[in-house]
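TrEMBL annotations:
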type: DOMAIN; residues: 90-224; note: domain 'SLC41A/MgtE integral membrane'
type: DOMAIN; residues: 302-443; note: domain 'SLC41A/MgtE integral membrane'
type: TRANSMEM; residues: 48-71; note: transmembrane segment
type: TRANSMEM; residues: 83-100; note: transmembrane segment
type: TRANSMEM; residues: 136-155; note: transmembrane segment
type: TRANSMEM; residues: 167-192; note: transmembrane segment
type: TRANSMEM; residues: 204-229; note: transmembrane segment
type: TRANSMEM; residues: 236-258; note: transmembrane segment
type: TRANSMEM; residues: 270-292; note: transmembrane segment
type: TRANSMEM; residues: 360-386; note: transmembrane segment
type: TRANSMEM; residues: 392-414; note: transmembrane segment
type: TRANSMEM; residues: 426-449; note: transmembrane segment
Amino acid sequence: MSDCPLTVLAAGSVLPFSRTAIDAENMPMGRVPLYKPLARLSTESTKSFFLQTMFPFLAAGFGMICAGVLLDKAAGWTLFKSTPEFFVLVPALLGLKGNLEMTLASRLSTMSNMGKMDTRSEQFKAFYANIAFNQAYAIIVSFVASLFSVVETLISQKQIDLAKVTLICASSTATATTASLIIGSIMFSVIYFSRKCKVNPDNIATPIAASLGDLNTLALLILIGTLLLNAQKLWVWSSAVLAAFLLFLAPFWILIAARDDSIRPILMTAWWPILVAMLISSGGGFILKFAVVKFPNIAVFQPVINGVGGNLVAVQASRISTSLYQSSKMGSLNGDSFWRYFSLPRAFLSSEGDSKASRILLCMSIPGHLLFALIIVFISAIPLNFVFLSSYLVAALIQVLALLYICQFLVRLLWRYNIDPDSSAIPLLTALGDLLGIALLTGTFYFVLALGSDKIVPF
């Protein structure tokens, strides 16, 4: 493995940002640095980046495999059989939770790398403000996601069941707020100890957030949904009361988050990426709802193909975002032409730091997907041969390639228009990954079916 450097802040070093980008009067004495040009940023070696990224990536993959197996098993359980709308909700909810936790990880990584979480008081302030922010977003956006899944079902079936609506809404919001509190607390520990161990949190935080998120959120959704389904048999309004109570808490969390100067602007601007991402992910859920009827085994592969692409592009987005905060004022690309970032060769073949990182992440995706697919086959006892496996790997490679290419210009586009990429880029990219992943996976199953052999994969 080459040791050529990648331009990004290494953990343990404090990088500069200007007085125009922060409230200088509120900063402690002597802690207001200036911007540094990109060439002067601290660097990490290719080997270091690979090793730091690989292990969390594998952990995230195993978490997604477990989530896929759980979803495959749950498809035959009472909750999903009685309320198939949960199939539409699952990709949107998992995507939402992944977005919330990965944007949290990205924000904290940037703060840590810039020396804004060095003291106990700074750490405590960052903890309560970001947890409150995530709680508010989790409640409101998960509620909207549940309504969107209901609307999609209403459009396709031309009917609606009020009991199902309240069940889905309550299950979604309760799952999101519970998972957000648990996983968010864990993420603070990850950032704290990565700093202590001098590991760049940009490389490990987002995959770890994903590895914890999918399985825990899906398990909580099934548990809470099943409990509420049984509770509705005793009291029909139980789900409605729970959903109303959680929605009542949202303004309380917003008020707490708004007390923090760094969170207040994000409260006003971070809604649209989450909502757009939810709509995109729900489109993937709509595809999955119909695909799972024709191809039952597709459910076990869905979290993996979506999650791997999303995790890899989240690492890249977090790194680019951190480097922008370190090297320039928001809205400026230091004289670079924005259009150069639309170049495909620049994304994967240039000598620039993010291009080198893209090549490493792209190379990691193939052996990673191969390993995860073989584990799925072993766990689920699915007969599989070279035709399906090779088709699946091609689909996965196309997805990761597309996401990394989009990432290089999307993060800079947001930055150019003064939109915080830490809170906006990852939701959009992972949602695109969800839609592309499900679409390509469904296309793979149809392609194999078109070959005329029912022995290639058990449909």
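Just so you know, glycine gets a Cβ as well, placed from its N, Cα and C.
Computed from a predicted structure; not experimentally measured.
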Quiz item: What parts of the chain pack near the transmembrane segment (270-292), using Cβ distances under 8 Å and only residues at least 6 beyond its ends?
Solution: 75, 84, 87-92, 95-96, 99-100, 103, 137, 141, 144-145, 148-149, 152, 298-299, 302, 306, 420, 423-425, 427-428, 430-432, 434-435, 437-439, 441-442, 445
Exercise. Give the residue counts of the domain 'SLC41A/MgtE integral membrane' (90-224) per reduced DSSP state, in the order helix, strand, coil.
Key: 121 helix, 0 strand, 14 coil
Quiz item: What parts of the chain pack near the transmembrane segment (236-258), using Cβ distances under 8 Å and only residues at least 6 beyond its ends?
Solution: 128-130, 132-133, 135-136, 139-140, 143, 163, 166-167, 169-171, 173-174, 177, 228, 264, 267
Self-check item: Intrachain neighbours beyond the transmembrane segment (392-414), with Cβ under 8 angstroms and 6 or more residues off its ends
Solution: 301, 305, 308-310, 312-313, 316-317, 320-321, 324, 333, 338, 341-342, 344, 346-348, 354, 358, 361-362, 365-366, 369-370, 373, 420-421, 424-425, 428-429, 432-433, 436-437, 440-441, 443-444
